[in-house]
Amino acid sequence: PQVCWLSPEQTAGKQKPYMYTQGQAVLNRSFFPCFDTPSVKFTYSATVQVPEGFTAVMSATSWEKQKDNTFVFKMSQPIPSYLIALVVGDIVSADVGPRSRVWAEPCLIEAAKKEYDGVIEEFLVVGEKLFGPYVWGRYDILFMPPSFPFGGMENPCLTFVTPCLLAGDRSLVDVIIHEISHSWFGNLVTNATWGEFWLNEGFTMYAQRRISTEVYGLPYTCLEAATGRALLRQHMDATGEDHPLNKLRVVIEPGLWGVNPDDTYNETPYEKGYCFVSYLAHLVGNQSKFDAFLQAYVNRFKFQSITADDTLGFFLEYFPDLKEKGVDSIPGFEFDRWLNMPGWPPYLPDLSPGQQLMRPADELAELWAADSLNMEAIEAVDITGWRTYQLVYFLDQVLQKSPLPEGNVKRLSKMYPKISKAQNAELRLRWCQIVLRNNLEAEYSKVKDFLHSQGKQKYTLPLYRAMWGGSEATRALAMETFSATAPQLHVNVQNYVKKILGLGQTE
């Protein structure tokens with residue numbers, strides 16, 4: 001299950017087959033013999049021979065090509081098994097910074113270079129300033145074929161990402177900040193068990209938002225964090241707050257067949273974890289002191305696998321005055337409650353600086369939802385300077401108010417080609433959802449084009465749900481699109497779509 005074999009039609013070039021591995025959480029045991037637990041770290045080397053016309057790359061600190069198309073890799077830093085990854089395909093590379101290059105199929109390499117030239121180094125430099133040296137040597141990005149079902153996988157030295165990040169206008173480059181932040185939190189300091197996945201993801205979300213604040217400013221980061229909080233709210237509403245998976249410390253109970261840690265994957269370790277790290281910062285009460293703590297934390301536990309008890313013990317040791325105050329047992333905010341009680345985070349960081357970007361978006365969405373459009377007021381709002389998350393927020397509000405009065409969406413489409421003709425996947429997803437909810441048949445082709453262009457789970461499933469829950473016309477569109485695109489989708493995504501459409505599943 002760890003090794004994914006793609007036929008040529010599942011690639012961007014559609015000429016040659018492709019193979020990649022995805023180890024997280026416990027799949028690398030099906031690829032090579034290993035202690036497949038994040039509590040064990042090791043160095044590795046590998047020799048990979050591939051046919052002529054193909055290139056192999058791995059998550060390793062050094063690699064060289066020898067005769068007979070044989071590639072030799074060495075990872076000189078200890079890593080947990082889930083971070084070992086291999087790709088073999090028709091791929092080429094281009095430099096985009098002093099220690100970074102992009103890898104992609106030949107038909108995508110120009111777009112990848114243009115999008116990321118000079119971008120990665122800026123993020124790395126801010127990360128180093130905040131969290132200490134970047135220890136992995138190179139930071140390369142590999143743009144996967146369109147059928148890759150995930151957003152990104154933080155394999156050291158070589159992050160795998162969806163080609164959906166190639167928006168053509170750099171409007172999604174900041175998504176890579178999350179994967180870069182894993183270089184310190186997750187890859188360097190690692191959760192010892194998958195039951196404490198929040199140690200990887202909660203700290204990474206916090207680190208990502210610290211870097212983003214330095215680069216883009218606080219209001220924008222608060223707006224992005226508000227979108228994250230909304231996703232956590234949706235998740236908890238869907239599962240019920242008391243669901244045992246809505247704890248930070250998840251008990252992965254071995255039943256008759258054991259449990260796949262992947263089944264515990266959801267928004268909680270990310271966004272509730274982020275709230276807990278923010279709460280620790282709030283206890284300290286001073287951003288630069290907390291930044292210094294994070295550097296000390298990384299330095300103390302680098303190349304180790306740790307538990308939440310190690311983390312919180314070190315926090316209290318680093319701030320003896322807080323330990324003396326007994327901050328770990330403040331009623332309602334006990335560390336034990338954070339870790340072991342399901343439900344909504346007891347503390348939420350203040351995201352009000354994001355209001356200055358949300359308010360205009362809220363007001364504009366209100367104007368578009370009116371029975372008779374006040375074009376003068378609408379034209380007075382200039383959205384040309386809005387960045388991705390402000391536009392996403394605006395579209396989310398429009399979607400919530402949909403279906404809009406007859407004709408409004410058609411006018412909105414015409415007025416904002418920046419949105420309705422966007423190549424940015426986050427905007428395309430929401431625009432397609434709005435088109436479907438408002439039965440704008442003239443633009444159903446956009447839904448079809450988007451689903452033909454990529455197979456990322458996060459974009460594909462909501463659109464099939466929307467089509468299947470809609471009119472007869474949208475149901476027909478769902479069937480037609482799926483029968484045309486099924487061969488290019490990852491088998492898991494195929495099965496999820498079949499479930500939505502009430503079709504039998506494939507092995």
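Backbone N, Cα and C define each Cβ position, glycine as well.
Remember, TrEMBL labels are computer predictions, not curated facts.
Copied over from TrEMBL, here are the features:
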BINDING   Gln22, Gly23, Gln24, Pro149, Phe150, Gly151, Gly152, Met153, Glu154, Lys456, Gln457, Lys458  peptide binding site
BINDING   His178, His182, Glu201  Zn(2+) binding site
ACT_SITE  Glu179  active site, proton acceptor
ACT_SITE  Tyr270  active site, proton donor
DOMAIN    356-501  domain 'Peptidase M1 leukotriene A4 hydrolase/aminopeptidase C-terminal'
Suppose the Zn(2+) site is His178, His182, Glu201. Which further residues of the same chain have a Cβ inside 8 angstroms of that site's Cβ centroid?
Glu154, Glu179, Ser181, Phe185, Gly186, Asn200, Thr204, Met205, Ala207, Gln208, Tyr270
Counting by DSSP secondary structure, give me helix, strand and coil numbers for the domain 'Peptidase M1 leukotriene A4 hydrolase/aminopeptidase C-terminal' (356-501).
110 helix, 0 strand, 36 coil
If you pair up every Cα among Gln22, Gly23, Gln24, Pro149, Phe150, Gly151, Gly152, Met153, Glu154, Lys456, Gln457, Lys458, the residues annotated as binding peptide, what's the maximum separation in angstrom, rounded to an integer?
19
Do you know offhand how many angstrom separate His178 (Zn(2+) binding site) and Gly152 (peptide binding site) by C-alpha?
9
Which one of these recorded positions, Phe150, Tyr270, has the sparsest Cβ neighbourhood, judged by other Cβ atoms within 10 angstroms?
Phe150
When distances run from the Cα of Glu179 (active site, proton acceptor) to each of the recorded positions Gln24, Glu154, Glu201, Tyr270, the nearest one:
Glu154
Specify the count of other C-beta atoms within 10 Å of the C-beta of Glu201 (Zn(2+) binding site).
25
Candidates His182, Glu201, Tyr270 (recorded positions) with Cα within 10 Å of Glu154 (peptide binding site):
His182
Return the residue, from the listed binding-site residues Gln24, Gln457, with the maximum count of other C-beta atoms within 10 angstroms of its C-beta.
Gln24
